[in-house]
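Quick look at what TrEMBL annotates:
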- 12-37: transmembrane segment (TRANSMEM)
- 70-92: transmembrane segment (TRANSMEM)
- 99-118: transmembrane segment (TRANSMEM)
- 124-147: transmembrane segment (TRANSMEM)
- 159-180: transmembrane segment (TRANSMEM)
- 186-206: transmembrane segment (TRANSMEM)
- 232-270: region 'Disordered' (REGION)
- 232-258: compositional bias 'Basic and acidic residues' (COMPBIAS)
- 285-303: transmembrane segment (TRANSMEM)
- 323-346: transmembrane segment (TRANSMEM)
- 367-396: transmembrane segment (TRANSMEM)
- 402-425: transmembrane segment (TRANSMEM)
- 432-451: transmembrane segment (TRANSMEM)
- 463-485: transmembrane segment (TRANSMEM)
Amino acid sequence: MQGQGLCLRVATLLTGLLECLGFAGVLFGWASLVYVFKTEHYFDELCEPDAGATGNFTVQPDCKAQDERFSLIFTLGSFMNNFMTFPAGYIFDRFKTTVARLIAIFLYTSATLTIAFISADSAFLLFLAMPMLTVGGILFLITNLQVGNLFGKHRSTIITLYNGAFDSSSAVFLIIKLLYEQGISLKASFIFLSVFSAWHVGRTFLLMPRGHIPYPVPSNYSYGLCSGNDAREEEKKTAESEKLELQSKESLPAKEDPSSPSEALGPGKQQEPRSFWSYVLSQRFAWHLVWLSVIQLWHYLFIGTLNSLLTSLAKGDRALVSAYTNAFAITQFFGVLCAPWNGLLMDRLKQKYQKEAKSTGSSAMTVALRSAVPSLALTSLLCLGFALCASVPILPLQYVTFILQVISRSFLYGGNAAFLTLAFPAEHFGKLFGLVMALSAIVSLLQFPIFTFIKGPLQNDPLYVNVMLVLATVLTFVHPFMVYWECRRERKSPATA
């Protein structure tokens, strides 16, 4: 990796980071955008006049129907964020990088132009625009994650960093809100985002491969500006690299492959290859799905209803709501700094347990799973703290809630991908990752009926719902405990053999 090739790879890395930071996960800055939409009177026709209004325009009554409409839009967008991960991954696998990115650019640009030109009278188009924005962002993220392959031993760090940048991109809507308060219209901001489609297209053809970036990268691999070959030649080199990788894996003893289910059986023992569905129906996968779904539901419910929550706690004071919305969005930006710590924790523990395994005879799979246990438990603990703070109706305490929420969320998705990588065979990773995200997306749809239940029968008092969700969060600790128990049982088996 020298000269022009190194410069190209660094340029690909940095522009990919900027793309994830500025575009991929902007949906999760929804609270900032809702503030602007309300100021622009979107869905105001759903509000009923407040008979007790005092005439003070700085204090507005809570509008149940309007809040429900915004919550429904976010529910749909966040559902698409997870559910479309599997189809988006298929598009990337089947049609390669260039096609996937062109689809992403079309969806993203169409969404930003739609938001730019709608008004209060056509606000229903947000139901179309926000899912398009979300799916376009997911495709940007998926096509950028392969950039980690270019940097060998730093691969995991870069992937984690990109996921953190995805979380931090929610700050984009804060910038739009602040510009709006300074007189820059919503239309101008989103047209500016649309213009960046030219930059995305340029990066697609100049700084990204037409096919996939192989891992490990061949010594003569070139792409983008440095590629003197056509797409067929690039695909041929990638296929040759994948073939060599497969051959090298097949030549390794089973004990060296951490995804081999037979390694825990000890030498001289073989196990029949398990089917994909046997892993889906396993206890390990089921508890991981519960862990991800419950924690993610908390985050989506909190983000989607934050404006309503702050309005209620601030007694309708728009200045206070604006200040706390800004504080929340600013904390989201630090997700890019929080995310790598989870990977660092797992890497350090894995190195420690590998040294212990030499004396105990534990398998590589057991070592890998043990390194994931503290990460899973810490993520649950962070979510529990976040949930408890969010459940206490004290406005200043929400600053603590914001901090715990961003750390918990940045740990959640990196930990999810890492656990699936460690706990299941590599050949099933893509399908299992897509399936767990799709199933958790279905669970995330509960956020809208929960919000409606709070606004309706509970008369804006979320106490009982919060208690139930806190108890569900406690249930997520079962997952790291079960993984720990499984590792402990497997560690004892070599000693008794």
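Each Cβ is built from the backbone N, Cα and C atoms, and glycine gets one as well.
In this chain, the transmembrane segment (285-303) lies close to the transmembrane segment (367-396): three or more C-beta pairs between them fall below 8 angstroms, excluding pairs fewer than 6 positions apart. Comparison of 99-118, 159-180, 323-346, 402-425 by number of C-beta pairs under 8 angstroms to the transmembrane segment (367-396) places 402-425 first.
For the transmembrane segment (186-206), the most Cβ-contacting stretch among 12-37, 70-92, 99-118, 323-346, 402-425 is 99-118 (pairs under 8 Å). Sequence-distant contacts of the transmembrane segment (463-485), counting only residues of its own chain at least 6 positions beyond either end whose CB sits under 8 Å from a CB of the stretch, comprise 283-284, 287-288, 290-291, 294-295, 297-298, 301, 369-370, 372-374, 376-377, 380, 383-384, 387-388, 390-391, 423, 450, 453-454. The transmembrane segment (70-92) is in contact with the transmembrane segment (124-147), judged by 3+ CB-CB distances under 8 Å for residue pairs 6 or more apart in sequence. Of the ranges 12-37, 99-118, 159-180, 323-346, the one with the most Cβ pairs under 8 Å to the transmembrane segment (402-425) is 323-346. Within the chain carrying the transmembrane segment (159-180), a Cβ under 8 angstroms from the stretch's Cβ atoms is held by residues 16-17, 20-33, 35-36, 39, 137, 141, 144-145, 147-148, 186, 189-190, 325-326, 329-330, 332-340, 342-343, 406, 409-410, 413-414, 417, all 6 or more beyond its ends. If you look at the transmembrane segment (99-118), the same-chain residues 6 or more away from its ends with a CB under 8 A from one of its CBs are 23, 88, 91-92, 125-126, 128-130, 132-133, 135-137, 139-140, 142-143, 186-187, 189-191, 193-194, 197, 200-201, 204, 208.
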